Amino acid sequence: MEEGTKLEYNSVRNCKIKGKGGFRASSFIYGFVGLDNIGFVANMVSMVLYLSFKMHFDLSGSANTVTNLLGSTYLLSIIGGFISDTYLNRFNTIIIFGTAEILAWALMTIQARYSILQPKSNSLEGGIAVLFYVSVCLLALGTGGVRGALPALGADQFDENNSEGAVGKYFNWLLLSSVSGSAIGVTVIVWISTNKGWWMGFLISFATTFLGFIIFVFGKPFYQLQLPAQTPPLTRILQVIVAAIRNRKLQLPDNPQQLYEKDSDSSDPKIAHTNQFRCLDKAAVVPKSVEITEWRVCTVSKVEEVKIVTRMLPIIGSTIIMNTCLAQLQTFSVQQGYRMNRHFGSFEVPAPSVPVIPLLFMCILIPIYDLLFVPFARKITNHPSGITQLQRVGVGLVLSIISMGIAALVEIKRKNQSLKNPLQPIHVFWLSFQYAIFGIADMFTLVGMLEFFYKEAPIGMRSLSTSFTWISLSFGYFLSSAFVDIINSVTKRVSSSTKGWLDGQDLDQNNLQLFYWFLAILSCLNFINYIYWACWYKYKSDDQTSANDIGLPKSASVSRVPFLKVDHENDVTLQGLEDHKN
């Protein structure tokens, strides 16, 4: 590879490549994200009605199918993240998975266009079932793969050490472009789908997604691209675990500065040692008279990478319940809206367009947050993003609890009025309260998690790490489906009517409000759990000189850092790394 090409693909921590990176490069990504979300979000919020009316799914079946589709989409993001960190650069990964997404929209358009390709009853089978499941699987794979690599590609265009929080600003505006496209989708495309034909909505989704990828490709000359890590991320993790197990009988030094470290280029900075998970430190202890190999001895920085990933796991787990709550706003709340008065004057709002309320709130609040709140908070906290990423996530979790409580109260009001006089239902505007509050919660949580997982991740795992955000979403949607099935099964047995809370297609005969109360209480317990793990978490501290970590002058060579040599009788001697290499 020529020197110029190496420079282009090198780490972009300092964004010094002339004419590349920065907000000019990210503007192409913003355009792509906006156009892609026009179709994706619109069809995800209306899919529950499409499945009910065109594919003849029942109430819980349509809701579970949508949540399973969304769950699969976000779960498969880990594949895109893994491939872009391991085998391909992020740009090529997005192109490959984007092709699958475009093909999926084409297949869904064809099935929605021709009635012969749709089931005549609630029995989905044969070639019709094959076409349906192939299209949704391609959609999940393509969309998930793109989301696994895209956020990290955009963040790569900025200097993460920028005192003005350029990376945090990037994620804020990435969310703004996403919700702006989504707002157009849930109004324009949803109206077209419900009034002119579902196939037309899918066709427009195909067109906007294709146009988005054209814009994305045009931005290639401006992107700063990184080569995948020389060692795959999962391999690095396994090496530490295997080395720690093989060295489990060796004694740890009293001074962590004596653990094994070595030279590395500037794109792979040293990570300061932490005292958590000390059992993994044994991977950095060098046995006497044993050749140093990657599967026998690992550097402190590599060990700390595994510690970072391990510390992230409780944070992922603590945000799953919030995303379970989010799933209800895309399924049951849409079905609520269908049973409410949706007229504004002579215009009737399609039920799936109700989620435009939080999207509009976010379109207004994101610029206010980024341009006013962040600079103000920065003066007080001296944090580049105003508040820490975990504090931001915590705010979102509190707001999600409030949203579920309000959702339960609104459903009680809707149900009582519907039973009293079904010809005069309450107005759909009542749903705006739960949607608006959850929209603000999503603004805090989603960006906080993306920035957190990107900044905290080791450089070679950043796509994989940012996909942890989508994994949390995925588990939230899957958990929603599980809760629906479990609660229906349990309440059938204890109910005098032998009907579950969420059985059938008639909301007036169900107990959706109890399901919302259940999620609100569960979210409160989850928030307590999150507070514990957020306080326990220790942020990564990079030291690019490495010499500072051991009290040496900056000019000191890292190759002279002492390391431990331990024989089988646990006799400890010190020796310079260069001497060992020789």
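Each Cβ is built from the backbone N, Cα and C atoms, and glycine gets one as well.
Per TrEMBL, transmembrane segment is recorded for 28-53 (among others). Outside the transmembrane segment (28-53) by six or more residues, the chain places 59, 61-63, 65-66, 69-70, 101, 105, 112, 143, 146, 150, 153-154, 173-174, 177-182, 184-186, 188-190, 193-194, 198, 201-202, 204-206, 208-209, 211-213, 215-216, 218-219, 222-223, 330-331, 334-335, 338, 350-353, 355, 505 with a CB less than 8 A from a CB of the stretch.
Positions annotated as transmembrane segment by TrEMBL: 65-84 (among others).
What TrEMBL lists as transmembrane segment is 91-110 (among others).
Within its own chain, the transmembrane segment (130-150) is flanked in space by residues 29, 32-33, 36, 40, 55, 69, 72-84, 90, 93-94, 96-105, 107-108, 110-111, 117, 124, 463-464, 466-467, 470, which lie at least six positions past its ends and keep a Cβ under 8 Å from the stretch. The transmembrane segment feature in TrEMBL is assigned to 130-150 (among others).
Sequence annotations record features per position, and here TrEMBL assigns transmembrane segment to 170-192 (among others).
The annotation transmembrane segment is assigned in TrEMBL to 198-218 (among others). For the transmembrane segment (198-218), the residues of the chain that approach it from at least six positions outside its boundaries are 28-29, 31-36, 38-40, 42-43, 46, 50, 54, 94-95, 98, 101-102, 105-106, 108-110, 112-113, 185, 189-190, 192, judged by C-beta separation under 8 angstroms.
According to TrEMBL, the transmembrane segment annotation covers 312-333 (among others).
If you look up TrEMBL, you'll see 353-372 (among others) marked as transmembrane segment.
Annotation source TrEMBL lists transmembrane segment at 393-412 (among others).
Summarising the annotation, TrEMBL assigns transmembrane segment to 432-454 (among others).
Tertiary proximity for the transmembrane segment (466-487) is limited to same-chain residues at least six positions away from its ends with a CB under 8 Å from its CB atoms, namely 60, 63-64, 67-68, 70-75, 77-78, 80-82, 144, 147-148, 151-152, 155, 312, 316, 319-328, 331, 446, 449-450, 453-454, 457, 500-502, 515, 518-519. Annotation source TrEMBL lists transmembrane segment at 466-487 (among others).
Beyond the transmembrane segment (514-533), the same-chain residues lying 6 or more positions past its ends with a Cβ under 8 Å from any Cβ of the stretch are 314-315, 318-322, 324-325, 328, 332, 393-394, 397-398, 400-401, 404-405, 407-408, 411, 483-484, 487, 501-502. Annotated transmembrane segment per TrEMBL: 514-533 (among others), in sequence order.
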In the same chain, residues at least 6 away from the ends of the transmembrane segment (353-372) whose Cβ sits under 8 Å of its Cβ atoms read 45, 169, 172-173, 175-176, 179-180, 182-183, 186-187, 190-191, 329-330, 333-334, 337, 342, 428, 431-432, 435-436, 438-440, 442-443
